[in-house]
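A.B. asks: Not my notes, these are from TrEMBL:
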| type | residues | note |
| --- | --- | --- |
| COMPBIAS | 40-52 | compositional bias 'Low complexity' |
| COMPBIAS | 1306-1319 | compositional bias 'Low complexity' |
| COMPBIAS | 1320-1338 | compositional bias 'Pro residues' |
| COMPBIAS | 1347-1360 | compositional bias 'Pro residues' |
| DOMAIN | 131-222 | domain 'Ig-like' |
| DOMAIN | 246-346 | domain 'Ig-like' |
| DOMAIN | 358-453 | domain 'Fibronectin type-III' |
| DOMAIN | 469-562 | domain 'Fibronectin type-III' |
| DOMAIN | 565-663 | domain 'Fibronectin type-III' |
| DOMAIN | 670-767 | domain 'Fibronectin type-III' |
| DOMAIN | 986-1072 | domain 'Ig-like' |
| DOMAIN | 1207-1290 | domain 'Ig-like' |
| REGION | 30-52 | region 'Disordered' |
| REGION | 1298-1382 | region 'Disordered' |
Amino acid sequence: MASKVIPWYKKKRVSQVKTDYAYHHTKCVVKQQTERKSSSKSASQEQAQATEAMAEPAYTIPVFRDRTSEGTEEYQRVTTNVGKGLTVIQQELHRMRMATKAQVDSLAIQREVKDMMTKRVDVLDDIPKMPDFLIALRPHTVWEKTPVKLFCTVQGNPRPIVKWYKGGAPVDPLNTPGKYKIESKYGVHSLIISRCAVSDTAEYSAVATNQHGTATSKATVIVKRPAGVGESCHLGLVPHLTEIHPSKLEVALLDRFSVTFGVEGSSISLACSMVVVPDLPNVPPLAQWYRDDKLLKPSKLAGMTVGGGVARLTLPNLAKDDEGLYTLRIFTKDGTTEHSAYMFVSDAAASPAGAPGAPMSVKAYDINSDYVLVAWKPPNTVNEAAITGYFVDRCEAGSDSWVQCNDSPVKICKYPVHGLKVGHSYHFRVRAVNRVGISRPSRKSDKVTALDAAESERLQGTDEGVPSAPGQVVASRNTKTSVFVQWDAPKVLKNLMGYYIDGRVVGAKDWFPCNNKPFKHNRFVVHGLIPGESYVFRVQAVNIFGLSDESQESSPIAVEPALATPSAPFGITMLSCDGSSMTLAWKSPKHCGGSKVNAYYIDKRNADTLVWKEVNLAAVTERICTVDNLTEGTFYEFKIQAANMAGVGVPSAPSDPMKCEAWTFNEPGPAYDLSFSEIRSHSLVILWKAPVYTGASAVTGYLVEMAKKGSSDFVTLNQEAVSHRYLQVTGLEEGETYVFKVRAVNASGVGKPSQLSEPVCAKALPGTKEIVAGVDEETGDVFLSLEACEICDTSKFVWSKNYKQIGDCPRVAITTKGRTSRLTFTNPDKDDLGRYSVVVTDTDGVSGSHTLTEDALNTMLELSYAIRHPIVPLKHGLNYEVLEKGHVRFWVQAVKLSSSVSYRFIVNDKEVTSGEGHKISHDVATGIIQMTVDTFTRANEGTYTVQINDGRAKTQSSLVLVGDVFKVALREAEFQRKEHIRKQGPHFSEYLYFTVTEDCTVMLACKMANVKKETSFRWYKEDDEIVPETPPNVMSGACALPIPMFSRKDQGVFKAVLSDDRGKDTSVFDISGQVFEDIINAIAQIAGASASDLVLQCTPEGIRLQCYMNYYTEEMKTVWKHKESKIASSEKMRIGGTAEMAWMQICDPSDREKGHYSIEISDGVKTHTRTFDLSGQAYTDAYEEYLRLKAAAFAEKNRGRVVGGLPDVVTIMEEKSLSLTCTVWGEPTPEVSWFKNEQEVASNEHTKVTFDGGKFASLVINKVTPDDSGKYSINVRNKYGGEFVEITVSVYKHGEKIPEPKLGQPKTPAATPAATPAATPVPPRSPAPSKAPTPAPLKTPASTPVPKSPTPTPKSPTPTPSRGVKSPTPPRFMKSPTPPRK
């Protein structure tokens, strides 16, 4: 990268001077430093320009072009010992001649100026005069974005110093580069504001000062914005501007684009910011972009913009054709200013991997009406397979349809395309082929029209074959990230297209491409290298037939900057003054020139003179110096030069005038030498040095202030002063730039602020690594280590503890190898705790820190002890496990074992060897060492130890098996032994367990093994055998016992017995306690999931809510709730259920029972809830139905009825007396009527009817006759109803056969007359109690499922009804029919 401003009248001279930079001397440096006036001043102009060149950003590429002859551009390199033979001698003679001429001109000008000033001083020396403005400032009103110049003329003796202020604040051009320009020539002082903004409206003042007084001139600047731009316009329309040509503008480039790396297919933008004076929106600068010295024009592939202080080139779709040296050239009134940088474009990721890169530079030659010759450049192949050929594609302009032109790959980089149509336009592209696959297509060629063209461009050259390999390759230092490579051209060129350069890290196997487009010249700068790393390079020549053989490799070279003189120091500040001397400090040069700066030289002058005087002849090695023999009250200026191995650099800019006046204030002076370390994305550490002037008392602390760059709003970072001279700053914004200043504090107060620090960006260097704390695996040493991301030959690792440099200290040892430095603690302890940091000198701030804490140190000390006293690391200590058959295995597992490991087992202090009853072995692969005890008995109680030796490492592990621990192991061993015996016969592979089916049947199940047909299987409960309906099938391997309608009555001990001639096995399952609860929960889970919504059912007792489910038992955890309150079973709220449902009945409901009801069925994990809203119309309808049913039940309860005493059939012999007596009941007392053959029986002597006490009704027939046979009935009734009971009476004559009783009649004969004067009736049947009919469910607005079965109702608490049927009470005058017998 190179940047230069070339006035047209200086082009030749400057180019000659730049040619002289190719030579750098390195001898006799020490002598030149001590006697520098003989050399440094004689070549001051050359050194100034050389330092300016070295001060350029990284990636510098000096560019020389001969534009008179196309295609002869080349890179020229500034390097050590480049010239050869006569060329070097001629360049040195030319440099000396030009330097001598420049020195003579400079001395002549200085003598002339000195003579003129001396004459004027002689006249004015005797007339002291305070400053006076001959021409004062005048006010200005200007338009926005236009420049304004304020100037004044001031006189005084001594010559006054003029400072500029804006609104009382000093104007500093460095804070806003390009904004302000301050000039002072021949007594005329001016302030130029280059691009006025509305915010520049203010009062500006010029303050002139000398030792006799001060004078001030003020003027107001008003900046207006045109109407329509955001503010009102007070001056009318924008005045007409005289036409200005862009080449009349002053242009200064600020931020320049650097060397750029892109990838095929991506987009990239190159931009330069600039300051334009005057900055006119309608007259932008004239800018041109070049690639490899060929002018670029705006197109779809290259967008160009200029404006807003930025010139930008955008490449939206990169291809390797875009690789090259890009130059921005801007025309100014002084000539041109330009900037150049190289852009590299690498291949996009190949698909498939290993396919070649795309060809490039596709172009058509020899254009005819039906034929063109397409040629291209081959891609670079480094690690890919060799290219075997190319495919050429074409498409007509305006179409996206590509057609392959050749059926088989062509092996050279040209191909004749036939079959074109006259007058049609075409594009061409090329794809490379190797054994892995086909590359991406190249960028398509420019449009080509098939016409007869006699003068079309023709492809030159007829020689066939690839060029020979290039000659010797030489690499030399350039910058810290680039290397200059040059080589000899091939002996056989054969129409050379260019060269490919490859690089390789020393010690690595793979090469990488340095360029991806053939480079025409034999000198190239390789960029993007790792600082401090060593590389070798090789070169291949390219033509249309392919790539030549590789050249020989260059010698290894480390990536280091080229050796040059350092740039100028800067930031000169005064630290103390006693009236006769000043103590100065300054900042290091930004560029050291590739070697350590080892000397500084200071010059001084009075501020009112132009003559500089030397302060020191002997070199100053530190960046602080006390200048003596000064005159109190006089203003002085200073400049400083730095020196290194290459010589003395250019001087710094003169410092601000400093008055030699004794400091007597009580507060401390400024701190100085602000520096930064450990810069990261969100933090950094700032360090400084103590002030030289301490004030009236010692410095007690420091305050640090911070602001963003360009801002004056400083924030104090530490509210309490810190006593040490460093501070870690956190909470920074990534990518933001900050400035800092430090104030010292003593008992008198806060002192003067330090000079502003250099702006620092909160962004870590690429590849930054932190300090690593560790322990050496071989020696066990505790260390801190840092691997630098960049380094150079002169770099050193400077370690500090608590930011105080560690010198020769017996507690630590510092070693450096390559890019890594290690600080090793000799005998670490608590005294070594603290914050350690390291800085790598001569880098861009490579540094790191690490705080060593006590916990971390203790951890590392433990690891160190383990390394120095090695043990065999164990994954698992000695343990045991019980195997089948009751064997016990003792085992230990190491992390790693070698084949030479040795070990032994010790039991109760006696070594055990492998033999009878014990088996000892190990496995190196798994690291397991084991011992198996075949028979484990009480004699095996004790302590078990294994001792392991593996090389130098040792370890042992013990296991104590005594007491309860041993008993557990012994029981397990005996159990396993019994289990082994048990499994020899039929046995249960799975003991009894339960499951619950979908219909809530509980199944007790088990699984068997080793059974046969003769094996028997039996179920028992409490030792009572259970015979299931389906015999168990042992050959199926599983048996199950169903337990339907499971409830608490099924609790008990169930047992399954399996037996045959080989043995017997038993499985016991105790259904009680928790097991019973688990079964109930399992049933509840299925039942709850199947539960229906709540159904409303009315009964005479109240309103009932019912929930139907697969199965219900009262043992289930069921909760009824009313309005979220739990309901307990009571006389008012009854809770119950059947096997198919759960119900809750509200007895004698009232309005209080309205509301939301729910049932919750819990299965221990989940709660199943069903709800019903008993309110509104639903409650009204239910309540009405309840009242109806209640009334019907009351009537049923209190109606008249026969409760007992009457037979169904009576057989009696004539002349006997028949007495039919029964008990009746009713409330109120019923009326009783007797009937014979449906005719009411009246009481008389033959037939006597009685009703005693409202309870006993009788019908007595004296001396029955056959006429008395018939159907008798009794009608019992009251206001609620009644019933008929029928009796059949049969009278037979003496001597006749007793007639057979009819259906339902008893066969026993009637009592004989001897027994009783009245006939004895047949004993009646016990009347079965009648059940109240089940009322139908009341319909409610909510849909309810149909019940699975009618709901039984509780028995009425009324007396047992008779077998008769109820009927409404007939009126007296009506004939009551005989009711049918049930």
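The backbone N, Cα and C atoms fix where each Cβ goes, glycine too.
Quick one: where do these features end up spatially?
C.D. replies: Note on the domain 'Ig-like' (131-222): mean pLDDT across this stretch is 87.
The DSSP breakdown of the domain 'Fibronectin type-III' (358-453) into helical (H, G, I), extended (E, B) and coil residues amounts to 0 helix, 44 strand, 52 coil.
Residues in the domain 'Ig-like' (1207-1290) partition by DSSP class (helix H, G, I; strand E, B; coil) as 3 helix, 53 strand, 28 coil.
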A.B. asks: Does the domain 'Fibronectin type-III' (565-663) make contact with the domain 'Fibronectin type-III' (670-767) through 3 or more Cβ pairs under 8 Å, each pair 6 or more apart in sequence?
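C.D. replies: Contact between the domain 'Fibronectin type-III' (670-767) and the domain 'Fibronectin type-III' (565-663): present, because at least 3 Cβ pairs are under 8 Å.
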A.B. asks: Where DSSP helix means H, G or I and strand means E or B, what are the helix, strand and coil counts for the domain 'Ig-like' (986-1072)?
C.D. replies: 6 helix, 51 strand, 30 coil
